[in-house]
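Student: The structure's right below; bear with me while I get my questions together.
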Number of protein chains: 2
Amino acid sequence: MSNIDNIREHLDLMHRDLLREELNHLSLSEMLDLWQEMGEDEAMEIFLLLQLDQKVELITHLSEAEQEWLLKSLSLEKIRELLDEIEPDDLADIIQAVSHDVRSSVWKSLSEEARRETQFLLKFDSDDAAGLMTPRYIALRSNITVEQAIHFIRQGVDDIETIYYVYVVDQLQRIQGVISLREILFSNNSEVIGSKMSTNVISVQEDTDQEEVARILEDYDFIALPVTDRYNRLLGIITFDDVIDVIREEQTEDIYKMGAMDGSSDIYLETGIFRLLKKRIPWLILLLLTGTITTNVLALTDDILSAAAFLVLFIPVITQTGGNSGTQSSTLMIRGIAMGHVDFADIGKVVLKEFLVGVFMGVILGGVIILRSVYLPPGIAWYEGLVIGLSLIFVVLFSTIIGAVAPLLIHKLGWDPTVIAAPLMSTVIDVTGLSIYTFTAKMLLGL
Amino acid sequence: MSNIDNIREHLDLMHRDLLREELNHLSLSEMLDLWQEMGEDEAMEIFLLLQLDQKVELITHLSEAEQEWLLKSLSLEKIRELLDEIEPDDLADIIQAVSHDVRSSVWKSLSEEARRETQFLLKFDSDDAAGLMTPRYIALRSNITVEQAIHFIRQGVDDIETIYYVYVVDQLQRIQGVISLREILFSNNSEVIGSKMSTNVISVQEDTDQEEVARILEDYDFIALPVTDRYNRLLGIITFDDVIDVIREEQTEDIYKMGAMDGSSDIYLETGIFRLLKKRIPWLILLLLTGTITTNVLALTDDILSAAAFLVLFIPVITQTGGNSGTQSSTLMIRGIAMGHVDFADIGKVVLKEFLVGVFMGVILGGVIILRSVYLPPGIAWYEGLVIGLSLIFVVLFSTIIGAVAPLLIHKLGWDPTVIAAPLMSTVIDVTGLSIYTFTAKMLLGL
């Protein structure tokens, strides 16, 4: 951070030249750190002193609200200069993010070509393959030679996103093959591209879901994937860096869903109170309402609880431990489903495994709770401890199995187990856990 | 999957040629699917019919147990053929994964060069930058021309992992600069590499943590990152595909930790009962033991609970709702910390925001529980509902703030908030939630 301290000092002392010098060496993450620490006026002053490629890097990595603010504050001339350098896929994202006013001034500042490219990209859903692609790739015909191809590439269309794969298309723009720059360079000058290219092209359709795109690129370790329409015509390419962004975004969404929240990935400090509320309160209300079924279970077993008052003390322990064991097995299933390692067809194996694991865990936890509650305060009697321990075995076993089966079933029904499993499970486990608890106690105590 | 059905049929009918033809078109994910469905004999038969590059792709993507089995079952000659084609970083991973016996037969089958490269890689911790790198990169001196560089690259050392970045080093192997193949190709033949290269090289140290490596590669959208020792000597490079694997692995670990389990990322169906137990039971015991503090809280407030029996019915609702609101704010913080968006310095802003969100959520949830429990069974009295509703406001407010503050504090102390936050928080929230609950009830009911 000493970089940032230097910058602060130069800014305070108005050393413009030193400041510019210092800023030119900043990496993206340093720029983002600096941006977060600065007030609006400082941030704008800094932004104007950055080099053009730094500006482009920074603006494409800012949050939507910051992009909006920046584009609103810059002069039309500055905006034009900036937009000329931004890749069309990033441009399409910015245009979708900003408000109507900013959008129309951005639109006016675009060159004819950029407007055409962006318009083309805006047709597609941003969660689909086509929403991630750039139309700037290299395509050649199959009958040219390696030497011609190298010459063509070196002539260098400068705004191509990657030159490391070259796609071969026919007159109708249909993909015929693909060849990496590496393969081109390793071939003899006189060879024909068509004879060296791979004709078994791995591509995605324009409407392939972005998670599927990520999995394919990962499986093949490709730098880029071509996107085609249903006539196999090449529309654009998706590069690995955009796929990494997708993986990160999906990761945040999954973690939020596991934390019982709406999955959209916002940046916390920039999210308003009401947006946070909207993200959180629906789940809390749903969980509260389903959770209140436990009040009915407890009301029904009122007589048992008053006949054996020690049972009340262990209500939170029973529901917690049931919840924890269920969360473990459901987490294993949810992750296994997401990674493609488990599905509904494996339910037999899963139930057997969870039954065995559940029995072991139940016996161990039951033993622990007996020793803990008899020998330490509240120091209940041995037979009371036995009641608690035995009930806990059944609760753990049941929760473990339900926790594993529910996500498999939900996935089989076509829903997202990450979202549905948590509320459903916590209610089912609490309600049945408490029923198992009071029923076991009733039997053992002869009530 | 029709591919796989065909393969099955050919296998049954012993159509070896058709089978080989069909297999040659399989992608990695199809091979993995097939592998999972086949018995051991079938799997081995299929494996032997694959092309060499398919074999290499498949074996490097199998689980540790499957690699062990495969290497044990193959002849020494087959192993040698296979190992010759595997990249040294993948080789080092396999060698670390297999048992002692298999390791020594693998070791004997390695070529002199592969043995030297692998030995070099095995020195490093597999979670560090050096554990991800390959020593196969292109390095040049700064005084050669663009034409010479292109000639050198085209001579083509075939087993280089990426030719798309060229590193410039001095006589002592210290990094002087980096230049992409794209920049080389876009330059004139007569230009000198030293004048075109970037001297501001972004690199990582051999002991940089792999998560940090991932963040740096993501920030810069690089295809590869150089790894250096503390004298700035180039040791190897890390390519984007290995970084994607790191991101996936860390994702699984984080999700497991949130599900209160040990974070190591195994494949569920291949994990034995005792390994699953070991992953799960320590957390359950810890959570159970800390959770039992609630029995002491309830024992202390025994008189209040027996004086107002309706309070018992709502114990699970109070602890659940407190837990859920706390989980939400802690999830937001844990993710924010992981993504570098929030840290301890923001604690003031966070507490203010969570206070406001907590008040709104508390009031809404309090209102919901009053209406729900008065108008629906168990149908408690209005003043009883009021007691529950008011307590819930305080519990939600408290849990929301604690849920946000705990991860920030834990992170500040240098621990991993993902692991520690869950058990700590659920106990703190349950214990204080129940105390707030009984205390509020005592006040309101004048007990």
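Easy rule for this one: first residue shown is 1, then count along the chain.
Glycine is treated like the rest: Cβ placed from N, Cα and C.
Sharing the record's features from TrEMBL:
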{"type": "DOMAIN", "residues": "A:133-195", "note": "domain 'CBS'"}
{"type": "DOMAIN", "residues": "A:197-253", "note": "domain 'CBS'"}
{"type": "TRANSMEM", "residues": "A:281-298", "note": "transmembrane segment"}
{"type": "TRANSMEM", "residues": "A:304-323", "note": "transmembrane segment"}
{"type": "TRANSMEM", "residues": "A:355-375", "note": "transmembrane segment"}
{"type": "TRANSMEM", "residues": "A:387-410", "note": "transmembrane segment"}
{"type": "TRANSMEM", "residues": "A:419-439", "note": "transmembrane segment"}
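Could you tell me the structural context for the features on the list?
Tutor: The helix, strand and coil residue counts that DSSP assigns across the domain 'CBS' (A:197-253) are 25 helix, 16 strand, 16 coil.
Panel annotation: around the transmembrane segment (A:355-375), residues 314, 317, 321, 325, 329, 381-382, 384-386, 388-390, 392-401 of the same chain, lying at least six beyond its termini, place a Cβ under 8 Å from a Cβ of the stretch.
Long-range contacts of the transmembrane segment (A:387-410) within the same chain: residues 308, 311, 314, 317-318, 321-323, 325-330, 332-334, 337, 342-344, 346-347, 350-351, 354-355, 357-359, 361-363, 365-367, 369-370, 373, 380, 416-417, 420-421, 424-425, 428-429, 432-433, 436-437, 440-441, 444-445, each at least 6 residues beyond the stretch ends and with a Cβ under 8 Å from a Cβ of the stretch.
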Student: Which residues of the same chain, at least 6 past either end of the transmembrane segment (A:304-323), have a Cβ under 8 Å from a Cβ in it?
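Tutor: Those are 294, 298, 365, 369, 373, 378, 380, 384, 387-388, 391-392, 395-396, 398-399, 426, 429-430, 433-434, 437-438, 441-442, 445, 447, in sequence order.
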Student: For the domain 'CBS' (A:197-253), provide the mean pLDDT of the predicted model.
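Tutor: Over the domain 'CBS' (A:197-253), the predicted model scores a mean pLDDT of 91.
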Student: Looking only at the domain 'CBS' (A:133-195), how are its residues distributed among DSSP helix, strand and coil?
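Tutor: In the domain 'CBS' (A:133-195), the DSSP-based counts are 18 helix, 18 strand, 27 coil.
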